Every structure is written in C-alpha cells, then in structure tokens.
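*Asks:* Got a structure for you, questions after.
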C-alpha cells in the first residue's frame, strides 16, 4: 500500500510539472512583442541574464590619427608679403560723411570769404554779421500777426524763394545731394552719378493726357461715339 501511494504521488508531481512547463511555453509564444523580435517574457529573461553576466561587452576601439603639421610659408617668402591695406573707414576718405561741426565750420568760412560779393547769400550768418547788433524788428500786430501765427502767407507776397527752398529740402530728403554725403545711410557720391547713356530730362507723357488717349482709343475700338467734354478740354 505504501509503494502504491508513493508511485501515485510521483505521477501527480510529474503531471504538475508538465502542466507548468506547458503553461510557460504557451505564455511565451502567445504574448505580444511590442514591435520587437522578442516577447515580453523572452526580453525579461534576456535582461536578467545580461545583468548576471560578468564583464562588459567587447567594444570596437577608435582609430585615432594624429593631426597633420601646420603649413608654413617657405623660407625667405615672408619678405615679399604685401603691406597691410589701410582702413577705408577714416576721415581722409572722400566718402566719409561730414559731421555737423565740420559743416558749420565750412559754411562759416564760406560766409566770411564771400561776404563782400554782391548777390551772394550765405546759408548761415557769418561771425562778423552775427556779432554786429541789428535793430529789433517791430512785432507784427493785427492781420499780419494772425498770418504769422497760422503759418499762412498773405496773398501778394512773393513766394518763389520759399518754394525753391522747399523743393530743395524735399529733394535732399528724398534722394540726397549729388555733391555732398550727409548721412551714413546715403550711398557714396560715385554711385549717384548717372551713366553717360542714361536718359535725363525726359519726364515722359503726362498722365492726364495718357488717360484721355487710352479712353479715346478704347472708344474707337468699340465703335463711333461722341467724345466727352472732359476728353476734349486740355485744361
């Protein structure tokens, strides 16, 4: 009886081991791989075996090469090297912009030199004229005072000089002076000179006349029709 019970117990233990091994194998086969070539259980066993492994993996050694030597000029060639170029950013450069102090000194010198020439008007007052006392002008009253406060010039006063000065200042602000570089943002003077073949003085066709001509041509292409008074009137 004891021998029979022992054989039965051994069979039960063996059967339990076979069932456990089968469950483990089925779990390894059926578990997902998560985008890798191994299942989760296989990856776990691989990680555990790598942890228990003694010694690091063999790595490929880096082949270090020495740097080449510096390329030096031949002996005796250093004596023929060119001289260093002078800096163009200097006051001796003709394209160097004129400072306000230099411009003021130049205008004062021109005023002192040409003060005896008839008809010549300086841009600023010379030192001699500035030192000379001038009679105080009477303060405008009435209508003249109102015109002075509003900035409107009364009818009858010659405004030719004011118009010329206004056009001159407007041209300098838009395109600068062709003979003087005032700001660093302005191009050098040699870049402002027009080419010999460039057309100058030709302003082209008047826009109003051009519009009337195009309208007349369009009506002619459509058919005959009486012209409008605005197209006939040249003014």
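Each residue, glycine too, has its Cβ placed from N, Cα and C.
What TrEMBL records for 57-72, 100-119, 162-175 is compositional bias 'Basic and acidic residues'. Residues annotated as compositional bias 'Polar residues' in TrEMBL: 77-90. Summarising the annotation, TrEMBL assigns region 'Disordered' to 57-207. Summarising the annotation, TrEMBL assigns signal peptide to 1-26.
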*Asks:* Can you tell me how the residues of the compositional bias 'Basic and acidic residues' (100-119) break down into helix, strand and coil by DSSP?
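*Replies:* Tallied per class, the compositional bias 'Basic and acidic residues' (100-119) gives 14 helix, 0 strand, 6 coil.
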*Asks:* How does the compositional bias 'Polar residues' (77-90) divide up by DSSP, counting helix, then strand, then coil residues?
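*Replies:* Taking the compositional bias 'Polar residues' (77-90) as a whole: 4 helix, 0 strand, 10 coil.
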*Asks:* By DSSP assignment, list the helix, strand and coil residue numbers for the compositional bias 'Basic and acidic residues' (57-72), in that order.
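*Replies:* Across the compositional bias 'Basic and acidic residues' (57-72), the residues distribute as 0 helix, 0 strand, 16 coil.
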